[in-house]
Structure formats: C-alpha cells, structure tokens
C-alpha cells in the first residue's frame, strides 16, 4: 500500500479550508464574485515577450492573497524567484494592445488585441504579454486594474490586516489552518521582529485557549491583535477620553483643536460617522479606541496636509514664478555611457508630473531623426516614437503646460523633419504662435497655457543679431556638451555645433522658451521674458555665490534651467535645493536615478496636486528683491521658526536582507531639514535592535529655521549596521509649509518613490513662530 486513503470528510474539510483561505482576501477586497479575478486565480497560459527573438510561454496565476501574481519560470535562483512574482501594489498601469516599445515593433508578429503590458513603478522592467485570445487579455487587464484600485482604496487598517494575513499564510508551513509555536516563531521572523523567547511563549499560551499547543483561526487573530497593539496610540486616546473607553464629540473636538484642525462639533461628528466601526458607538456619536486607530492611520490624519493634494495655488501667475518639475536626459534608462534609450522613461517621468523633458536629437539613418546620448554606446530611439509617446501621456498626470527641451544636433534637413513630425503628431497641443500679438511684458501663466506643449530651443532672427541668425550658437552656459564631456572629440564637435544651421520650420515652433547663452545679468535684463538660459550645476552655484541677488531678480522674470555636470557619467544627481533657493525654475534631475536628490524633488512637487508646478515664495518673484540665498540672517522671507518633532514609533518596517531569514532590522530614524544653508540640519534617534515590526524611540529633535518657506523636511529610516554602511529602509519628504502639527503618521516610501505600505512612522509635530506659541488644550490642562 503506497498511502492511506483519506477520509471523505477530511478531504471535504481540507477543500473547504483551501476555499475559505482564497475567499477571505476576495471578500476583504470586495471581489468575491468578480469573474476576471476568478480567472486570474485559475491562471492562464500566455507568451512573455522581450524581443522578436525572445518569446517564451509562461503561465500567470494570481495567488491566494489576491495581490501577488506568479509567473511560472524554469529559473530557480533566489533573484529569479523574486522576479517571478509581482504585487498589484507595484503596478503603475496596465496598457492594452501593442503600446510598449517592444510590442510596437512586433505588430506583424503578434495579434495586437491579444497583447498587454504591465508597467511597474521604479526601475523594474515592464512585462509584455500576449494571450491566446483577445477576451483573455481583456479580462487580465480588467482584473489587474480592479485589484489595483481596490487595494489602493483600502484603509490603512485594512492594509495592515491584509499584510499580516499574507504573512500568516506563509508562516503556516503545513497549511493546516493552525499554527504551532515553531510556526509562530517563523511568523515573527517574517514580520521583522525578534521577540523575547519568554514573552513570545507567554503570549502564545495566553492565546492558546484550547490548550492543544496550536493556535486556530480565532486564536491566531487574537495573537495578531496583541502583537499589533499600539500602546503609544492608546495613551493619546486615554488622555483625551474622560472614561478611558470612548471619546465624546466634545473630547474629539478638543483633540482636533490641539492638532491645529477644524475643531468644530460638526467635523468631530463627521469623523465618527466615517471611521467608527461599532454601530452602537456610531449611533450615539462616540468614538471607540478602534475607531480612533482607524482615524489616526487614515489619510485624514497624514503628516502631509490633505488640502495640498489638489491644485490649491494661484495658477494665473507668469511661468517664471513657479518651480517646474524637470527631467534631464529623460530618454535614458540608466547611465550616460552604455544604457538604453527608450520611450519608457518619458512615460514614467510624465506620470510623475514632470513638466519639462529633454530630447537629445541627432541625425539618424534613412532620414529619420533619433534620440540618444551623442557619441556614446547608449542605444537609439526614433524621435518620432518619443513624440508619439509624449502626445499620449503629456497631460495624463497634469493639465498644465509641458516643455520639450531640445538639444539639437541635427542637420537642417532632419530638423525640418522634426518640425513636421512635431506638428503632425502633437497637432493643436503644440503651441506654434504667441497667445497674443501684443509685445510680451511677462510670460503667460500655467492656466493660460493649460493643455499646451511648448518647445524650448534656438530661434532664427532672434536676439543675437541678423548676421548671426542662421547659426545655432553653442557654449557651455547654453547647451550641454556632447557625450558628457568627451575630451577627444569635444573641440571638433563643438566647432561643428557652432556652425550648425537652424531650420526655419523648427525655429518657428519656438515661442516662449528661446534658448540663449548667458552674457551677464545686465544683458539678460534687456532681453524679453521669453528667453531661457541653461546653466550647468557648477555655473549656477558660482552665480549664486557671486551674484545671488541678481540671479534671484533675473529668475523672477525669465526662466533658467540647471542641468547636472557632464562628469556625472553614472547619471547621479546634484542637490537641487541650492538652485531652488535662488528661484531657478527648471532644476533638471536624472529621474532614472533614485536617491536623496530625487526624494527632495518628489517632496518639492508633492503639493499642489502633484501637477508639476509649485508657486515660489513671493520674495523670489519680485524683480527688485533683496533676497540673497547666501546670506539669510534677515531680510525677505525671514520668519524665525522652531520646529520640534517627537519621533515616537514605527510600524511594519520591511526586512532588508531577505536572503537571510533570521536577519531582522535595527532601525533608526533621521530627521533632516533641507533649505537655505543656515537652516540645513539633521538629527537622528537611537537605534532599536531586532525590531522592525513596532520599534519605539520616543526621541525629540528640534530645529531653528530662518526661512521656513524654502525648507523641506525629510524623514529617513535606515537599518543600522556595525560593520558596513547602513541600509536604506524608507523615507518621506515634504515641504515645511505642508507639514501638519500634532500627532501624525508618516507613510513611508521606497527608494524609487513608490509606497512602502503599510510601513509608517508615528510622530508629534510642534511649530513655534517668532517666539509666540498658543498653548493647546493639553498644555493648558497638563502635559499629555
């Protein structure tokens, strides 16, 4: 006998158990009866496509957590295992048909209606797939979109619940629906916590009501509730609650007043109606501890001001009065020497709200202009394909004007082709003539240019005199040097660039962003507002140091674009804050390179609905401003402010070293101020050993700010390491002017800017301006 026949009742019970495991996440996501999601759970065979030569049959299947999609592969390495799955939370969008660069080149080899592309956030490559039927492709597209929308609309508490249940399934190694003590220890390792052995056993025994040495479904839930208790949050609740059990509307109103929010009874009642889960409490207008936790973890209580999540600033000012989200070498996927040129980075940048993208244009074969990093090993992409991509995605994330920064190295003939392609593809979106025939006194506003695409480039019959008008002059202050500063060819190439003629057709399309070299501020003041000058980072820093006031005044009426040094061959970035301090509008960064500089950029453009335009402080918009970014001991914008932040705790920080199951993070938190030089500062908490699940610091840091309007606040969490460099865990950056006071949660982001949900920091923020502080209710009745 090879094996014992299972009892039919046992088989039926196991079948129901498996079914219920799948139904739980379906029910929580509200997709229990969704036929598209049910198809995904069954799995489908389809073709994975990378090129015309690389096409492999794969089976894709949605796993039981209803968030993870598994792609069958014969590879067995740990890295490949990670790449075999993706979470719908990592998906930026799903594109139907042959919309990717790869699939567009294969329309004669694959049926377009059977294809779709999964585009991920961050640096992960897109996934091109071809199903056997059109219906199957449509159902997978709908299914992924449905799950993506449902997960993004979950409350923070629901996300935590879903997160912990996913780990429970992984920890239940024999999949019997119960957990032994060893499986519980495995769970603790998975969720990044190293509990004291005695405490873990005590907690296990406390929850083991059946006393059989294994936790069933109900007991596991109790164990998780105990694990996820937030004593620091409970303390805040008890402080405001008269009886320690519920908050009345009056008590909740007092709490809201201390938070610096709308402290009305109407607002307090609306929060109870929204976040209270208990029917009796909701009916009687009480908020229980669970309801309070739901509220505290919600976006309503986020550290970032929710009023700033939509366009709230005046968009009728001249373009020069705004910071403009700008990308450098937009076409590159990685470094400036060997990486691929592609349309994908344009899509990513535009979807992030970028409003100025760069096109490095060169003569291509067969009369077709191309885009690549000249005289390097980077691959090439057709100019036409890039413009088609821009036409499709230009205004998906923002309705405000998009600027195309042309680095023009093409012959007159191919420039004419560029002009024709720009007009035929972009159509009415392309601004080809001024909005008014009247002489230009100031640049038009983002509101006036809504939905329009502007060209930044050289112009004939411009400002350099008629005898010079047929030449596209190039110098280090106006155009980026070719090939990132290749010395062997730079003299020859620059000489050739200096005599490159400009096509009248292309010149005519340049309206409000005419590129001119910098010839001093006296000359700049005599030029119209429609000119723009590009500076390398080093040139800009020198101007800020030597002529800061003049630079600020110039930037109040004309646009300036700052680009990274040619020596940054790995596409690294400079600190954009110094340029923003001087009022520079277009501080172009390598969007393909994550890091602190891109964190700052994301934080700078987080407010105003992430539309890519943020109004500069008034003292940077005044043509007679006396503001000097290098000397900020007083003067315009000077508002002495004390910022005090208490870093209380963190929740659900992820494991960093996933290759080592026993590795648990030792987190510490940095709080950084990025602003004018006198305000720049950082402070850190102590580290907490072996606890990424619910570390607690209760550490207070304080900063003295002189120009709060220019300051960014960055929270960064890292894994402390004695032997090597600390590992980055997550961060969140926002303008000081968008920072909310009181008890707040900081929802952390990954290095690529995507969400690290459900990881959060719990903090308390206090702001005192000009030495005057109005005491909160808590401070009047006693310290919390």
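Placed from the backbone N, Cα and C atoms, the Cβ positions cover glycine too.
In this structure, residue 328 (active site) belongs to neither helix nor strand by DSSP; it is coil. Counted within 10 Å of its Cβ, the other Cβ atoms near residue 328 (active site) come to 26, all protein chains included. What Swiss-Prot lists as active site is 328 (among others).
Taken from Swiss-Prot, the feature active site applies to 373 (among others).
Summarising the annotation, Swiss-Prot assigns Ca(2+) 1 binding site to 172, 174, 176, 178, 183. Within its own chain, residue 178 (Ca(2+) 1 binding site) has 172, 214, 215, 216, 217, 220 as residues 6 or more apart in sequence whose C-beta sits under 8 angstroms from its own. DSSP classifies residue 178 (Ca(2+) 1 binding site) as coil under the three-state reduction.
The Ca(2+) 2 binding site annotation in Swiss-Prot covers 208, 210, 212, 214, 219. Other Cβ atoms within 10 Å of the Cβ of residue 219 (Ca(2+) 2 binding site), summed over all protein chains shown, number 19.
Under the DSSP three-state reduction, residue 456 (substrate binding site) is assigned to strand. Per Swiss-Prot, substrate binding site is recorded for 456, 458, 534, 561, and the stated evidence type is similarity to another entry.
The annotation Ca(2+) 4 binding site is assigned in Swiss-Prot to 664, 666, 690.
For residue 719 (Ca(2+) 5 binding site), the same-chain residues lying six or more positions away in sequence with a CB closer than 8 A to its CB are 656, 665, 666, 667, 692, 726, 727, 728, 729. Under the heading Ca(2+) 5 binding site, Swiss-Prot lists 719, 721, citing similarity to another entry as support.
What Swiss-Prot records for 38-149 is domain 'PH'.
For 159-194, the entry in Swiss-Prot reads domain 'EF-hand 1'.
The domain 'EF-hand 2' annotation in Swiss-Prot covers 195-230. DSSP states for the domain 'EF-hand 2' (195-230), grouped as helix (H, G, I), strand (E, B) and coil, give 22 helix, 2 strand, 12 coil.
Averaged over the domain 'EF-hand 3' (227-262), the predicted model has a pLDDT of 94. Annotation comment: Swiss-Prot describes 227-262 as domain 'EF-hand 3'.
The domain 'PI-PLC X-box' annotation in Swiss-Prot covers 313-458.
The domain 'PI-PLC Y-box' feature in Swiss-Prot is assigned to 506-621.
Secondary structure of the domain 'C2' (621-750) per DSSP, as helix, strand and coil residue counts: 6 helix, 60 strand, 64 coil. Positions annotated as domain 'C2' by Swiss-Prot, on the basis of sequence analysis: 621-750.
Swiss-Prot lists 48-78 with the feature region 'Substrate binding'.
Here the Cα atom of residue 208 (Ca(2+) 2 binding site) is found 64 Å from that of residue 373 (active site). Residues near residue 456 (substrate binding site) in space but far in sequence (CB under 8 A, at least 6 apart, same chain), listed by position: 356, 403, 404, 405, 406, 510, 513, 514, 515, 532, 561. The stretch with the most CB contacts under 8 Å to the domain 'PH' (38-149), chosen from 195-230, 313-458, 506-621, is 313-458.
Within the chain carrying the domain 'EF-hand 2' (195-230), a Cβ under 8 angstroms from the stretch's Cβ atoms is held by residues 160, 164, 168, 177-181, 184-185, 188, 293, 649, 651, 693-694, 762, all 6 or more beyond its ends. Closest in space to residue 219 (Ca(2+) 2 binding site), of the recorded positions given as 373, 458, 534, 664, is 664, taking the CA atom of each residue.
Taken through DSSP, the region 'Substrate binding' (48-78) splits into 1 helix, 14 strand, 16 coil. Taking CA atoms as the reference points, residue 721 (Ca(2+) 5 binding site) and residue 664 (Ca(2+) 4 binding site) are 11 Å apart. Here the CA atom of residue 176 (Ca(2+) 1 binding site) lies 54 Å from the CA atom of residue 328 (active site). Cβ atoms within 8 Å of the centroid of the Cβ atoms of 208, 210, 212, 214, 219 (the Ca(2+) 2 site) belong to the same-chain residues 178, 207, 209, 211, 213, 215, 216, site residues excluded. A distance of 17 Å separates the Cα atom of residue 183 (Ca(2+) 1 binding site) from that of residue 664 (Ca(2+) 4 binding site).
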